[in-house]
Amino acid sequence: MQRQMTNGGGRRPTKLYDDSDDERLELKIDSIGGRNKEKTTGFVYVLTFFSALGGFLFGYDTGVIAGALILLRNEFELSLVWEELIVSVTVAAAALFALVGGYFNDRLGRRPVILAASVIFTVGALCMGIAGDRYLLLAGRIIVGAGIGKRNK
């Protein structure tokens, strides 16, 4: 049996059916606009800004290392496979260590994990800075990825 809703008088219906048992099933369309909407705090905007900035800097790092490969290729005698490794290993390490970062955050708290991630990142940057061969450069990129991954969780 198909029920038809008549729109007498041009008003929106406030009930789904005419049955008295179904009066509790009122349409919620009218009540949506009347809700008291909570205002987004400034803290949420600050968090959003820094999250976006972190993602931007991560992408910027990938772009910079890809651009630096022109010089690194000759300096470290990199093959195509090594170039791909140097660019992508940071992202892969960050993804793996992001999985572990949640565990450490739960066990140790956020502050110690962020401090440890900052130290790990600094060590990785130093490794890349003093790299004399492609192996130390690759290790530095992995260590930097571990620092990024632990911090982002």
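Note: Cβ is positioned from N, Cα and C throughout, glycine not excepted.
Here is what TrEMBL records for this protein:
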TRANSMEM  43-73  transmembrane segment
DOMAIN    47-153  domain 'Major facilitator superfamily (MFS) profile'
TRANSMEM  85-104  transmembrane segment
TRANSMEM  113-131  transmembrane segment
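When Cβ-Cβ distances below 8 Å are used as the criterion, the transmembrane segment (113-131) is approached by residues 76, 101, 104-105, 137, 139-148, 150-151, 153 of the same chain, each at least six residues removed from its ends. Mean model confidence for the domain 'Major facilitator superfamily (MFS) profile' (47-153) is a pLDDT of 89.
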